[in-house]
Structures are given as structure tokens and as C-alpha cells.
């Protein structure tokens with residue numbers, strides 16, 4: 001083994017047998033980025049001086065949240081123990097369930113995966129899910145325990161857990177510390193030894209799979225590909241096989257980790273393409289790139305259109321920010337092909353957008369980026385899922401917004417379902433079962449991973465987990481449980497739309513589609529929340545929850561009877577004027593619903609899961 | 001006045017007023033307010049600028065106070081002359097506190113004499129003093145009347161002992177009719193002040209207080225909702241849960257009760273919290289405040305308004321006396337409200353009066369609100385048809401809301 005390769009393999013001229021493509025599967029805070037940084041340093045592609053902590057996580061927000069959203073690939077030279085120079089491609093994978101499809105494409109670009117687990121915490125549900133995808137994709141798995149330098153590390157215990165899980169011996173589990181660098185060189189040697197080299201037909205028409213595409217302000221879209229067959233060369237014309245669109249290759253190269261143009265990319269190689277395209281939707285993850293002049297007859301397969309699972313209305317607090325929000329979404333979409341949106345108007349919230357997300361984390365990240373990168377203050381409505389609804393006319397319509405729910409008699413409502421996997425210490429089995437039952441879940445199985453850790457599998461409506469399920473799960477298991485889910489068909493359910501009315505006026509932002517059994521509790525929850533949140537007005541304000549024309553819950557905000565300073569002496573005049581001037585500032589943050597003044601805080605508080613603040 | 005002074009610009013040592021104030025003062029009435037910052041005890045609800053003998057400390061005293069405040073009156077004449085203010089005779093004088101009647105009647109008469117000498121009193125000028133029912137005698141009230149006072153306002157607050165106890169008022173309720181009778185005997189107009197909504201006061205308690213007040217046959221009644229001011233003993237008691245908090249709905253109920261009972265006894269409201277037997281009995285001094293008149297406020301913490309400038313004096317009597325003795329202005333801070341602020345002040349003050357505000361004085365947006373206010377029964381329709389905005393009973397209770405609406409807040 002050597003800290004630095006003396007000779008490096010040249011891209012476009014590297015024999016596939018000298019290439020190893022791998023990714024790292026890890027839970028959010030199990031130290032993937034630190035390990036990756038250490039590898040970049042040890043292989044010499046980044047000097048210690050240039051080393052920014054967690055080099056691969058470029059976006060600020062990723063660093064802030066400690067998670068990886070966008071994957072990239074880095075080519076690193078490494079010499080085996082016998083002195084042969086290899087090229088290692090490390091493909092970064094997103095770590096979160098919202099990005100399962102992107103994960104699956106990243107995995108498809110590799111022959112092997114490092115399964116990285118925190119030696120103090122053990123494996124988590126999301127890791128299990130990704131591990132499953134890797135095993136299903138026939139990847140070679142190298143089990144590794146990280147953070148062995150921690151005082152509370154239990155490498156023996158978790159080595160046994162991993163060995164049991166993937167069917168190896170506990171002593172085959174490598175032990176490293178990304179922080180101190182211990183064991184990392186040995187790990188790189190094992191990557192060369194254990195992983196099979198890529199295999200492909202160099203003479204066939206090119207087939208390269210897109211596993212990521214990123215928008216760069218200066219370069220346009222940067223597309224990351226793994227070449228399976230054939231070769232891609234600079235200046236040639238390429239074709240996207242899903243759409244048939246063609247582009248000229250302005251630049252082709254590898255990242256190590258800065259982009260370095262090359263003479264092309266051959267079988268088994270991983271690198272980037274630049275075509276001058278400005279929109280990531282032109283370069284879709286999972287698509288196959290081929291030569292225009294000598295196109296492949298069949299794509300690599302596995303391509304799926306990104307499908308939003310969760311929808312939420314996003315509205316600017318300040319109505320004049322609407323154009324800013326529109327521009328911001330346009331910009332984000334350049335970098336996020338999964339983001340969909342269309343304009344929407346809410347009586348209560350004004351102009352905004354109905355935005356589709358892959359999941360709740362995707363929603364949160366997008367919202368946070370809009371607020372921090374574009375300086376927007378946003379209100380987001382309660383997230384909902386997509387329903388298929390059949391009205392009296394027997395027509396099936398797709399409902400992504402409660403306002404689209406048809407009035408009148410409903411014959412059938414179909415809701416999306418998920419298969420959820422929950423890992424938790426066994427002492428919390430009861431608590432988890434209780435929660436899942438309350439969320440209309442059906443248990444599908446339960447296995448002990450070790451003596452005190454259990455994996456529970458549930459079939460649950462997606463709608464039941466998009467709001468606060470994860471928070472509830474965490475609080476009921478003192479933070480120990482982890483959750484993974486994937487889409488799993490649909491079911492017919494007795495769902496209704498609950499409307500909230502303020503003084504007879506429907507507040508569209510508060511409408512929700514819920515199971516009939518839960519309509520009443522949603523109605524009473526929302527009406528009593530609003531009663532606390534909306535200040536008294538000069539007239540009585542009834543707050544009602546209704547299914548169609550049937551009122552299911554009602555609260556009243558009594559009319560305010562006194563709003564005057566009783567005494568107003570000479571000396572009070574300045575003070576009282578200033579009091580009124582202050583109230584003027586407060587008024588700016590009011591929205592009118594009919595004649596009712598609703599503070600913006602009330603919308604935010606009512607739409608959040610937190611306890612309402614006292615008005 | 002509340003003891004916390006507003007924010008403003010520092011007031012200059014010479015006390016001179018900007019030249020523009022001279023022009024603005026033209027045609028305005030001129031009044032005097034004299035602050036007497038002494039009390040025998042501090043009441044639990046009170047955050048006014050007043051001091052008991054022990055709180056006062058050295059550096060100022062009740063004995064020399066009349067002389068000190070008289071010096072400010074002379075200073076006022078000098079400053080107004082030097083600032084080019086038009087000479088105006090004084091139309092109303094109001095002695096407030098504290099407890100003005102803690103000073104010997106002769107002291108109050110001598111201060112009034114100073115105003116008469118320096119400015120002159122308009123014939124028929126209204127001269128009022130506040131009084132605590134147990135700090136007056138038949139003789140002291142006669143002396144005030146003889147010295148030119150025309151009106152006395154008794155701090156009755158309540159007729160119910162347990163309510164007075166929460167307020168920490170020391171007077172015996174039976175003392176009030178006696179004091180009122182003496183004042184009448186001396187030929188003074190009489191007002192009684194009531195406070196409603198004290199923690200623990202029932203509707204029945206309030207009704208008894210109203211009936212008692214009416215039975216003394218005053219010609220003017222003020223009824224103020226209790227305000228819990230930060231920093232008072234009562235605020236602390238409420239925070240600690242020793243005393244229940246006040247309640248706006250209870251206040252509204254009691255206001256309506258008072259308004260109806262006063263009306264039945266022949267009193268008419270002329271300001272949100274003030275009722276008079278005849279229009280002539282309305283307190284001209286307070287009306288001057290609300291109609292934007294000028295006044296000079298003498299004494300520590302007193303506020304003044306002359307020619308559009310508002311200023312306020314240093315708060316503590318010792319600091320005040322030091323300034324006066326050194327011949328420099330006791331002014332602490334001042335402000336010159338801009339056109340928008342003046343419009344706000346006019347709207348919030350004029351709408352408090354039964355004489356109301358001319359709808360033509362509102363801006364275009366304000367005028368579009370009038371119809372809605374009629375529909376909500378906040379302002380009187382008939383008066384509005386005649387071009388004046390006058391609050392209904394409901395509107396008086398929601399006067400701040402009406403003001404915000406008119407100014408489109």
C-alpha cells in the first residue's frame with residue numbers, strides 16, 4: 001500500500017481491470033463525509049492545506065444539516081500492495097429516503113459499496129434500505145465500522161450485528177476512524193482487492209448512465225455519468241435515449257475533485273459531461289447517453305421519471321414577493337429535476353405555488369433554500385399526498401390539493417401507501433405499534449436484528465406519515481427509532497375533505513383530506529387552535545369545521561367589547577399616539593379572511609404541528 | 001400623568017420654543033396645568049409622578065414647593081415672550097397630582113395668583129383643583145373659592161370599602177358627601193372621580209358606587225377603567241396571583257352600566273370617560289387638551305403643549321427644584337410631531353368628544369371608512385349625515401379600533 005500513487009492511470013486510456021467504482025452507504029451522521037475527505041487526502045487529490053472539512057458536500061445547506069443531497073464522483077489514484085496503479089471512483093450517494101431513486105442510480109454506477117456504520121450507534125433503517133438496494137443490485141459489500149476512536153464505541157457488538165445482517169464473519173468487518181485516519185489506507189486496499197472491476201464492451205456503441213446532474217451558474221448543467229459500453233469523446237454529438245434529444249459535448253472530464261477535461265471516457269469510467277444545456281430536466285438521472293452517429297439500440301434500463309409524492313402550497317408572506325418566489329423556484333428547478341410546481345391562488349394567502357416534492361425532507365430543504373438563498377419569508381400549507389378520487393360521474397380525477405377534491409357524492413378515494421421499515425430498541429415495540437396503528441398501519445412483519453434491536457415492517461398510508469409521524473416516532477422512542485419507507489401501491493379508503501370556515505368564509509389554506517374517523521379530531525383541533533390564535537374582533541367570529549355542508553366542530557371568538565384607553569390626560573397624548581403607531585406596524589402582518597383579520601403568525605402556527613402560542 | 005416619560009429630543013436649557021410655534025399658537029386657547037407631586041401614601045394602582053414624604057428625600061420640600069413652581073410660571077412668561085409667542089390670557093387652570101390639597105389652600109391660591117400676575121386670567125376662567133376627600137375642610141374649600149378657584153374634583157374612586165382597600169385609598173367613603181356639601185357651600189362646582197373594574201369589584205359593588213356618587217348631586221362625573229400600570233404594587237400583586245387580573249369584558253359591562261345610569265340621572269357624556277349635568281359643567285381644561293389647545297404644564301414631570309411643540313419636565317422634585325433655582329428650563333425632553341402624527345393625534349382626541357370630528361377633516365381613505373363604521377354601529381348615523389363623526393356607546397368602548405380604522409392602520 002502507498003499513501004500516494006507514483007503513477008496515475010490516464011482517463012480514457014485506463015484498462016477496465018484497473019478501475020474500481022464504489023460508493024459509501026451510511027446514515028446521516030455516521031461520518032461518511034469525514035471518511036470521504038480522508039480518502040481524498042490520502043490519495044493526494046486534495047492537499048491537507050486545501051482540505052475544507054467535508055469537501056464533497058458543496059452546498060451550504062448540506063453542511064448545515066449534515067446530510068448529502070447531491071451526489072458527485074471523484075477519481076482517485078491508488079496503488080495496490082503489489083505496486084499496480086489503479087483508478088478509484090468514489091460516487092457520493094444521497095443518504096435520505098426522499099432520494100431513493102437517485103440512490104438507486106448512484107448504486108447502479110458502482111460495482112461495490114462500503115457499508116459504513118457508526119461503531120457507537122449501529123445500523124439505522126435508512127442505511128438498511130440502501131443496503132438492500134445495493135444487495136439487490138449485486139454490489140459487493142465491504143462492511144466498515146467508523147468512529148472507533150469514540151470512547152463509547154462498541155465495535156465488537158456492532159461487528160456482530162453487521163456480520164449477522166450481511167452474512168460474513170465479524171472479523172471481516174473493517175474498523176476505521178475517518179477522524180484520525182486509522183484504518184482508511186487498509187480500507188482503500190480492500191476496495192481494490194474485494195471489488196470486481198467493471199465489465200463492458202469497448203467496441204459497442206456508447207452507453208453511459210446518468211447518475212446525477214447539477215446546475216452550475218457558469219457552466220450550465222454538469223452531467224455525471226458512468227460509461228458501461230463504448231466510449232464518449234469531446235466535441236462529438238451525443239443523444240439522450242429517453243427523449244432522443246441531441247447535444248454537442250463541449251467538455252468531458254473527470255473530477256478529482258475539481259473538474260479536469262480529458263480525451264474522453266471509456267468502459268467502466270466515471271466522469272462528467274458539459275453540453276451547454278441550462279436545465280437539469282434535459283439531463284435526467286437514470287437516462288442513457290449514447291453516440292449520435294452510432295447510437296445504441298437499447299438503453300441501460302431502470303430509468304424512471306421523478307414523481308412527486310408530497311404537495312404543499314408555498315406562499316410569500318409579503319405578497320409583493322411573488323415574482324421573487326417564482327424566479328427562485330425557476331432557479332432551484334435548474335438544479336433539482338424532482339421539483340415540480342405550478343401557480344396557485346389561495347383566498348387566504350394570496351398568490352403562491354403548489355409545489356411537489358419527493359418527500360418531507362425534500363420539502364424542508366427546498367423551503368429552507370428558498371428562504372436562505374433568496375431571502376424569502378414563506379408560509380407553507382400542511383403537506384398532502386396525491387389522491388385519485390371518483391365522483392358521482394364515475395370519472396377518476398387526480399387531487400394534489402384539497403381544493404380540487406370534488407363536491408358532492410364521492411364513490412371512491414384511492415390513497416398512496418408506503419412500505420415502512422422502523423428500527424428501534426426492543427423496549428419500544430409497544431410504543432411503535434401503538435403509533436402505527438393510530439396511523440392506520442398494518443403490520444407486515446417483525447425481526448430481531450440483535451437481542452435488543454428490532455426491525456418492524458408496516459404498510460401505512462403515505463398521508464399518515466407526511467405530517468408529524470417521524471417527530472412522533474422519535475419522541476415515543478426517545479430518539480432511538482429510525483424510519484425508512486418506499487412507495488407501495490395504493491388503497492381505497494374512506495376519506496373526506498374537512499373545510500375550515502371563519503365567519504362562514506372557507507379558509508382554503510386550512511382544508512384537509514383526512515380519514516373519516518379522524519375528521520372530527522382534525523376539525524376540533526383546528527377550530528380550537530384558531531380560537532386561540534385569532535385575536536378578538538369587533539364582531540363575533542364563528543370558526544367551523546365542515547364536511548361538505550355538515551358542521552362537525554365549532555368554536556366562537558367572542559366579540560371584543562373594549563378597545564379604548566379610558567383616561568387620556570395631557571401627558572398621555574404622546575404615549576397614546578406612540579401606542580397607536582406601534583399597532584400600525586402590527587397591522588401590516590395581518591391577512592384578511594372576509595372581514596376577519598388573521599395575523600400571519602396564526603397561519604404559521606395553525607399550519608405547524610407545534611402547540612399554538614397564546615395570543 | 002404616568003410617571004414614565006416618553007422618548008423625545010432633549011429639551012434646551014433656555015426652554016426657548018422654535019419660531020414656528022409662535023405662528024401656530026395664533027388663535028389657540030392657553031391653559032395652565034400645575035402638578036403637585038405629593039401624597040400621604042402611594043396608592044397601589046398609581047404610577048403617577050408623586051411622592052410621599054419618605055419617598056421625597058432631601059433637596060425639595062412641600063413647604064417651599066409653591067414658591068418653586070411659581071418661579072416656573074414666571075420663567076414660562078419670560079420664555080414665551082422671548083420666543084415671540086402671542087400674549088394670551090389663561091382660560092383654564094388645573095391643579096393635579098398627587099394630592100394638591102396636601103398643600104395649604106393658601107399655597108394653591110398663591111400659585112394661582114402668580115399665574116394671574118404673569119399671564120392674566122380670562123374672565124370666567126375655569127380654575128380646578130383635584131382633591132382627596134379627607135384632605136379638605138370647610139375652611140380650606142372656602143379659602144380656595146375666595147382665592148379664585150371655581151371647581152373641585154374629588155377622588156372618590158368607589159363607595160365600597162373592600163374596593164377602596166384594593167386601591168389602597170385611605171379615605172372613609174362617608175367623608176365624600178361631607179366634602180361635596182362643603183364645596184357646594186363655598187360655591188364651587190363639584191366633580192367626582194370614579195374608578196371601575198378594580199379586581200374583586202362586583203357589578204353590584206359598582207352599581208352602589210354609581211348610586212352613591214349620584215346621590216351627592218355633583219355636576220360632573222368622571223369614570224375611568226382601572227389600568228394596571230407596570231411597576232405598581234397592584235401589578236406585582238396580580239403577577240403573583242394575590243389579586244385577580246382586570247378584565248376588558250367586565251370593564252365594558254361596567255361602562256355601559258355607568259353610561260346608562262348617568263344618563264338616567266340627567267348627565268350627558270361629552271368625552272369617553274366624562275359626563276356633565278349641563279354643557280356648561282363640562283371640564284373646559286380637559287376639553288382644551290382634546291381639542292388641541294395650548295397649555296403650559298408646571299411642576300416635575302408635567303407635560304406642555306404650546307404652538308405644536310410638546311415637552312415634558314424632569315421627573316423628580318429635587319432635580320426639578322435644582323433646575324428652577326439655577327434659572328434653567330426644567331424641560332427634560334420634547335418633540336414636534338409631524339403632520340401625520342398631528343393628524344393621528346387630532347383623530348384620536350377629537351373622536352373622544354361628543355362634539356366629534358368633522359368628517360371633512362379626514363383624508364380620502366378615512367372618509368371611505370365612514371359608511372362601514374355606521375354599519376357596525378360604531379358611529380352615530382344621524383351625526384354622520386350632518387358631517388360629524390360621533391361615537392356611539394359601542395364606538396366609545398372601541399374608540400381605538402375606530403381610530404385605527406379611520407387612519408387605515
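Including glycine, each Cβ sits where the backbone N, Cα and C put it.
The GTP binding site feature in TrEMBL is assigned to A:29, A:30, A:31, A:32, A:33, A:34, A:146, A:147, A:148, A:149. Every protein chain shown contributes to the tally, and the Cβ of residue A:29 (GTP binding site) ends up with 15 other Cβ atoms within 10 Å.
Positions annotated as domain 'Tr-type G' by TrEMBL: A:17-199.
The Cβ of residue A:148 (GTP binding site) has A:119, A:155, A:175, A:176, A:177, A:182, A:183 as same-chain neighbours under 8 Å, each 6 or more residues away in sequence. Residues A:29, A:30, A:31, A:32, A:33, A:34, A:146, A:147, A:148, A:149 are the ones the record ties to GTP, and the longest Cα gap between any two of them is 16 Å. Neighbour density at the Cβ, taken as the number of other Cβ atoms within 10 Å, is lowest among the binding-site residues A:33, A:146 for A:33.
Annotation note: residue A:31 (GTP binding site) sits in a coil segment as assigned by DSSP.
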